[in-house]
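Single-structure report; data block below.
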């Protein structure tokens, strides 16, 4: 049961925020809201639940996420969020977000991350090779989303032992799509090479591999998902070089808290056909010089939505809240230029001055902008998504 103050805050949030979103709350819902202020606590809770469900649907969620306490947010997803929220620190060199990833996000408005299922057994080492099979459950990707790009990210640690710099200390990482799993009589699965990389042991960093063809085959073409094979080939026979520096599986000596931060990560970039891509900034109109106006006239008012106040901070990772603003005020006759009115609003206001049965023009948002949100979905998958029309940039009489 939601506490009384919590219910009031959430209902007020819906009333103000959704008042600027045409069609988001039907007239019946608005009537129920006004009636809820006079109804019993049980009826108020029902109205609250209906509002919450409608807003969750706007976010593309079927139910309110209830993530566990041990869910780890990949640092890479936080970097992406800060990048697209223009909140990165000046020193961007330490960020794992590179140009290639920014370009991938330029065609998407949604980024999803997936960890592999660790039930898969490691394929025994064969000579100079370490081979691991990975399976990622992608069932949480909605059918209406078009996956535009996908990356498999693997962490490699710097080798601490002294080594030569003549290029002999190299590993090759090959990523394969399992087209057909191994049959009982066959020697191994049928695979297709997706990407390959020659790496040195000289630094700790993430390596990104393009696996878009496999994800497209699984999602768009509805073909079976048998996972990937990651093959690490050691190009030298120096036993002093640890072969576990490429982190494709968890070692027994590794700290339990450290493994979730360096385990392999599959990242998909997709677009649901709504709004703009993540990297595209909607150009905001230049603010005109503020004219002296009546305090009661139509204008933008401050409204800060704090997700902890409405009880959503357990699944919304970032931002903790945002400035939504709202429009309120009179549209008096005659309509002044600074009220950003349409010709129809001017005519309607003129008619209202002689016939009060015709309502005045309304103070509504005339310009809205998007925000990026990083959250955990119903399946505890980390999602970064661009949501349109979340911030009021301008108001006018319409």
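Note that Cβ sites are derived from N, Cα and C of the backbone, with glycine treated the same way.
Feature list (source: Swiss-Prot):
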DISULFID  298-363  disulfide bond
DISULFID  327-395  disulfide bond
DISULFID  331-397  disulfide bond
CARBOHYD  137  N-linked glycosylation site
CARBOHYD  202  N-linked glycosylation site
CARBOHYD  237  N-linked glycosylation site
CARBOHYD  340  N-linked glycosylation site
SIGNAL    1-23  signal peptide
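Swiss-Prot feature annotations superimposed on the structure.
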residue	record	Cβ contacts under 8 Å, 6 or more apart
137	N-linked glycosylation site	114, 117
298	disulfide bond	327, 328, 329, 330, 331, 339, 363, 395, 396, 397
340	N-linked glycosylation site	366, 394, 395, 396, 397
Under DSSP, is residue 298 (disulfide bond) part of a helix or a strand, or is it coil? coil
Residue 202 (N-linked glycosylation site) has its Cβ surrounded, within 10 angstroms, by a count of other Cβ atoms equal to 11
